[in-house]
Ligand SMILES: [Zn+2]
């Protein structure tokens, strides 16, 4: 008898639960509770089960119904007058003539802390001797960087982001017509070389790039435009300790690859897919702090040991299996990454040919590969930059030989020069703009997203944002706690960056019907034609069409909550 009662009760409970579930489903309400995942600089939540785009975990973005459709504030930025056409082997590129111009207002640096400009007193400023094609150890490199910066104070600034295990500075040279100050609205780009200390060719390429950009500023219209519109941060050696023990002429192997404590720095970052238990190294820590302080739009890590441009993801949710499967681990921005890698490969002398370094080693069609499709790795800098800071970063393997004889350096430089320059220009592709509040004040840390691409990014303290996109039609979404979410449609063409400025209006606290003085003044500062934010609009956490769970819906939610508790208690 007791058993029959128990069965009947269970049946009734299940029936009521299913009924509640069905009613809510029909009403279009969201069944599961919404969890707001952290956006950037923290883990994005549980890793996806499959590497495919569709499985990228949701970040709890608001539905369109909760979004305030803001009057359009975007425009196609006007092109500059056409300059002399630069030599180009790849048709799909940006030139100074088809780049957009944004405001050149100069304000204080986005990067408030890390920039400790190297002292230049005592440095002989007459050091205009060209950089020779030899390898530069730490002392030589430091001397050259200081001298070159002192000789070119209008276009360069030298700073250290920290020190290696053995106390060597991790130098960064900024090359820009505004080297000491961030240019409001204009992107910052970085190159990071020699993460693996024995991949020495990348270090020398970085130094030659510094010299080339500065020396070409006055003669080359494209480079002048680039330096006027961009700040290019070049870190020639993230692993100066490893370089000191590596040996010239050694094409393979691991001597000098690791830092002074034996850690592989490109396996030392927090990982999106797997927990990385490796102890954080001083070089990695300095790097993380650096990129948390400066919002880089575009980046490349420079390596050697192959000839290919590789793009995220480097890791995959199922790397044990995938190590043999060579399946791509795609990001939501796979089209953009493929384009960036292709652009680099096509502007290199031979990379796009995809010739294997030697018989038996992999060949890469068009000179590009998805990182995980080549081989998955945990703790890489590339995935970290993309997931945690919203920077589009690729990895360039610059030469088959990691530490080729110095006599080969001129050849490598001539092959990479155009690709290194062209790649920076890609920071000006896509969409950019400012996010302000109702009073025109910049809004920092606004969570931004391109609809359909579950990869958020954030505004800087000046309310700026940038996102590289290929030509097409898009919708951008902006969300900040306490403000009405906003979204706007825009298009991107191949020849113009699109500027989309957004305004977020404060959300009136429903617990305080009268609002604060600030909110009230915002409310009345709207012009008569403006759409007025609805005080009763759902907050982001109420991800449903129904404004508030009242009446029957509220009862059903309460019932469902109790059922959940009951089921949890019953079945653990
Ligand atoms: Zn490497």
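Any Cβ shown, glycine's included, is placed from N, Cα and C.
Annotation comment: TrEMBL describes 6-26 as transmembrane segment.
Marked as domain 'Peptidase M14' by TrEMBL: 134-427. For the domain 'Peptidase M14' (134-427), the model gives a mean pLDDT of 96.
Residue 397 (active site, proton donor/acceptor) falls within a strand when secondary structure is assigned with DSSP. Sequence-distant contacts of residue 397 (active site, proton donor/acceptor), defined by Cβ-Cβ distance under 8 angstroms and a gap of at least six in the same chain, are 303, 304, 305, 306, 307, 308, 309, 310. The annotation active site, proton donor/acceptor is assigned in TrEMBL to 397.
Taken from TrEMBL, the feature region 'Disordered' covers 525-547.
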